[in-house]
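Annotation comment: TrEMBL describes 10-48, 164-202, 203-241, 242-280, 281-319, 320-358, 359-397, 398-436, 437-475, 476-514, 515-553, 554-587 as repeat 'HEAT'.
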Amino acid sequence: MAMVDEPLYPIAVLIDELKNDDIQLRLNSIRRLSTIARALGEERTRKELIPFLSENNDDDDEVLLAMAEELGVFIPYVGGVEHAHVLLPPLETLCTVEETCVRDKAVESLCRIGSQMRESDLVDWFVPLVKRLAAGEWFTARVSACGLFHIAYSSAPEMLKAELRSIYSQLCQDDMPMVRRSAATNLGKFAATVESAYLKSDIMSIFDDLTQDDQDSVRLLAVEGCAALGKLLEPQDCVAHILPVIVNFSQDKSWRVRYMVANQLYELCEAVGPEPTRTDLVPAYVRLLRDNEAEVRIAAAGKVTKFCRILSPELAIQHILPCVKELSSDSSQHVRSALASVIMGMAPVLGKDATIEHLLPIFLSLLKDEFPDVRLNIISKLDQVNQVIGIDLLSQSLLPAIVELAEDRHWRVRLAIIEYIPLLASQLGIGFFDDKLGALCMQWLQDKVYSIRDAAANNLKRLAEEFGPEWAMQHIIPQVLDMTTSPHYLYRMTILRSISLLAPVMGSEITCSKLLPVVVTATKDRVPNIKFNVAKVLQSLIPIVDNSVVEKTIRPSLVELAEDPDVDVRFYANQALQSIDNVMMSG
């Protein structure tokens, strides 16, 4: 008897939980829908569960969102693709709710189900659903409908296809801007399913309406449509229909539309081909680079390298470079920052001579920019220029600026330079590095900002790895050891940090002869913070040196620290002693 009642139980519990006042219980039961459907079996899921969900008028968006998501993967639980249509009614209801993310999720689930449905079922069930939504009196239904046409269209018979095209055309002229926006957003997807014969006639006339919409939010979505449609049309049609639209949009009265054009222009160039790009799009792009709205200039400046790649170097030098020069002294720091992040990529495009003549002065002016982000963006991309103009020129022209930045008053700029030093060092080579940058690396160990001192210690380790222990023995270790007697305890702490980082790179012999004695001497320091850091460093040296050294030198120092009056010093000393014991036992 219990076996017979079992399947009845989940649906009763579900109904109770879905009517519960506690939102968490309602959410949990929605998330368990697939389990409940399995327990009920396919037939009862179709006959009881889905109708119940269709009538479920929960008013909480979170519950509705979860339901829209669950139903999208429900085909296996209702008996497979032939019964997929039973899932459409609850999702149709969800397509009309006020909350946008619920509608979007319902449309996404409907598209997922529709793409698996059989053609005959699509015609019988899915197309009527799209038509009902498109005729809905409340705008939310019409907004949702726009996202479903591309699924419905391809399997519809000829008569229905014509009807769907005309319905979509009406949606593009809807009174509500939200509906027109949705139609503009989904036009590319819909156009991709429409036959090429109707593409030029129906779709292009729809597109023309959208491009002349009085709402800038609709027009800017039409810009995205330009690129999508451009890929579908033949090049000559693209030039005839899309190109004039782009050129008009680049002069649109709304800066948001111009911003979208600046963002999409590279994709649009690919759609229309090289010749029209030269004649029509270069002037449009130049206009955007000189736009009076900073946001537009930022978007355009960020694309400058990509755009130059599709032009010949002569054209880039003739048309784009003058604008780049202007942008490098733009009144908006964000424009200069956007330019600085991509301008290095122009060097390979323009070639060596043009880079030296035109770009180097711009790099230098950006490197001296008052705004730190601009300088950082240039520094982090120097290697791209190095490949084009060679190290000698780079060092003559840019190094003075780098040295200046190394002492910049903004610590983040100094930090960026430090992080870039190992890369510079590997590019410039040892000799050059020693002359120009060696002193800087030591200077940073005594910076006023902790992050800089810490990065400087890491930098020494990376340099030792790059140039090898012998070089480090000559150029790093003596200077580091000289600083151990610094009167300021924070600087002495940085030296301890440097030693713990350098020891693994330098190896056992140098550690024992040069580094360890300094650390042992520091156990006598009068500052407790130094002493407990000494204990930590000694612990880090245990694996590097021989066991005999551990017993003879490290252990006695730690035993002494373990009796220190300061509680933290004793704690770290005992921790280090414990790790010696562990090593000895495992050894």
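In case you wondered, yes, glycine gets a Cβ from its N, Cα and C as well.
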So how many of the residues in the repeat 'HEAT' (242-280) end up helix, strand or coil by DSSP?
33 helix, 0 strand, 6 coil
Grouping DSSP H, G, I as helix and E, B as strand, the residues of the repeat 'HEAT' (437-475) number 34 helix, 0 strand, 5 coil
Secondary structure tally of the repeat 'HEAT' (554-587) (DSSP, helix then strand then coil)
28 helix, 0 strand, 6 coil
Do any residues, 6 or more residues outside the repeat 'HEAT' (554-587), come within under 8 Å Cβ-to-Cβ of it, and if so which ones?
516, 519-520, 523, 528, 531-532, 534-536, 538-539, 541-543, 545, 547
Residue counts for the repeat 'HEAT' (10-48) under DSSP, helix then strand then coil, are 33 helix, 0 strand, 6 coil
Per DSSP, what is the residue count of the repeat 'HEAT' (281-319) in each of helix, strand and coil?
30 helix, 0 strand, 9 coil
